[in-house]
Amino acid sequence: MTISVSVRQVVGPEDAARRDTQGLRDGFVMEDLFRPGEANLTYSHLDRMIVGGVMPDTKPIEIAAIAQTGTERFLDRREAAIVNIGGAGTVRVGGKAYELGFQEALYIGMGEGALSFASRNQGEPALFYLLSAPAHRTCPTVHITREMARKVVVGSAEESNARTINQYVHPDVCDSCQLLVGLTMFEPGSVWNTMPAHVHDRRMEVYLYFGMQEQTRIFHFMGEPSETRHVVLKNHDAVLSPGWSIHSGAGTGRYAFIWAMAGDNMSFTDMDKVPMEDLR
Ligand SMILES: O=C[C@H](O)[C@@H](O)CC(=O)C(=O)O
Ligand SMILES: [Zn+2]
């Protein structure tokens, strides 16, 4: 069992604008989140969000504590959310076992203690996407099914962006301190996410792209609206978005993505839409 934690310092807009492709990737992109038998975590200093992939194979993977939080146990001062995008699996926390099917989620309140992850079937391992942010109170731990998610239908086939935003960790679905998490799915042939683009300096965001064929790529756009850059991403790559950056992508084929935010407020609709005229 391996738990690795890499740390990403904050990159400001002036620095980002001067970086080349590899420099941008070093600052913002997390490649291949899921590795067999590993918990692969990134501690981002953007709102201290932790982003990880946990892929249990033969043995369960336990996250009891990580040095980066400086706390006795991982969730002593944090909340977490887990979305399973693989085969069925179990998350054990606070003396209870939660069976998470494909695209089911678990919100975990502060103080719940060690997390243990297991796949039901070695041939079809669970892929647990893990997010964690600092918390200030304990909210109840909730198993969130696909049906429970709040659905927002947006876009159109004509604009190649017809999609459904499934809000899993959202005030209308379950209580949380900072975390907002959801999963966006597309109508066949629609390839554009989050266009028209927006920024929200009150909250950071992170996208995990998944459900893609091996050769499919996402052209993910980031940067200040007047200084956009792109990074090319493949299946199971994730990308950080500071509050000053747009976060929008177009895929060369079918994909879905999980978005997650942390910061000063929990109002999903608190976004500053970027007029098309302002994009450069
Ligand atoms: O702040 C909200 C996030 O960027 C996402 O929810 C956007 C998204 O899922 C989409 O437009 O498809
Ligand atoms: Zn956003």
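Backbone N, Cα and C define each Cβ position, glycine as well.
Automated prediction, rather than curation, is the source of TrEMBL annotations.
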Among His143, His170, His236, His247, indicate the single residue that TrEMBL lists for the Zn(2+) site containing His198, His200, Glu205.
-> His247
Between the binding-site residues His198, His247, where is the Cβ count within 10 Å the lowest?
-> His198
May I ask you to report the DSSP-based helix, strand or coil state of Glu205 (Zn(2+) binding site)?
-> strand
CB within-chain contacts under 8 A for Glu205 (Zn(2+) binding site), separation at least 6 | Leu240, Ser241, His247, Trp259, Ala260, Met261
